[in-house]
Each structure stands twice: as C-alpha cells, then as structure tokens.
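K.L.:
For Tyr26, the entry in Swiss-Prot reads active site, proton acceptor. According to Swiss-Prot, the active site, proton donor annotation covers His103, on the basis of sequence analysis. Look at Swiss-Prot and you will find Asn77, His83, Asp90, Leu104, Ser105, Arg114 tagged as substrate binding site, backed by sequence analysis. Sequence annotations record features per position, and here Swiss-Prot assigns site 'Transition state stabilizer' to Arg21 based on sequence analysis.
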Amino acid sequence: MSQTHRILLLNGPNLNMLGAREPKHYGSISLTSIEEKIQTLATQHNVKVECFQANSEEKLINKIHESFQQVDFILINPAAYTHTSVALRDALLAVSIPFVEIHLSNVHKREPFRHHSYFSDVAEGVICGLGAKGYEFAFLFAMDYLAKK
C-alpha cells in the first residue's frame, strides 16, 4: 500500500465489559486485548487504527460523522444496537464508508430478536460467532478491500 489507510474500530454498548460479561457468549478476552491485537496488526500492515467504544448511541453516531472523509474503512460491532438502531445505520450510509459488521457470538444461535440486523444488508460483510478472532478476520478483509481500491 502506497498510502497509510485509516480504519475506525467501533464497539457499541456493554462491550467495555468483555471478559466479565457473559463469557459463555462473549468469551473471556477483554476489549482492551482485542484492541491491542488489532493495533499490532495495524502496525504490521502500516495502517492507522482508531479504537472507540461507547455505550451511547449518540456518541457512536457522532464518531461516525467525524469520520467522514477521514477514515477509509470501519470495523463495527454495534452490539445491542444491531437490532434496534436505524439511526446508526443511517449514519453509516450518510458517510459512505465501507464497513464490516462484527459479532463475537453467533447471533443466529441465540434469541430470535437477535437474528435481525439493521446493518447486514448495507455492510461489505458480516462476521459472527468466531469470538475475538472475528475482529482479526474483519481487519484482514479490510486490508484486502483497501488494496483493491
């Protein structure tokens, strides 16, 4: 890659509690550990990654808006907002930044209300059920996607 690409890693509500929160579904790794792994990959690929987590829909939307023409790709785990937030979906569509939707657990093996996503049909891809590795796979996909641009 001739230029340094910029990636935004967004994590939604309650993901700051990873490691302690329902390890049966989400694993025992912390969000900090996931972010550190992505930063290591970013260094290896000469890419800048900004990590941001919020429990507030407003803060996530504002971060997406701030990314307009500043970020080349978004990796997002919308968490519970996956199933409820038209506003986050609209923010992503407004900035026209390609993104991958990530979920630690396999949402299709869980409660029926978790089966619907407001993001999947407008995402470049969706990764779910692969635990923390899903973030790494999403990052590598973003690298491939950006290399082809």
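Each Cβ is built from the backbone N, Cα and C atoms, and glycine gets one as well.
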K.L.:
If you count the C-beta atoms lying within 10 Å of each candidate's C-beta, which of the binding-site residues Asn77, Ser105 ends up with the smallest number?
P.N.:
Ser105
K.L.:
I'd like to know which of the recorded positions His83, His103 has the most other Cβ atoms within 10 Å of its Cβ.
P.N.:
His103
K.L.:
Using a 10 Å radius around each Cβ and all protein chains in view, which of these binding-site residues has the most neighbours: Asp90, Leu104?
P.N.:
Leu104
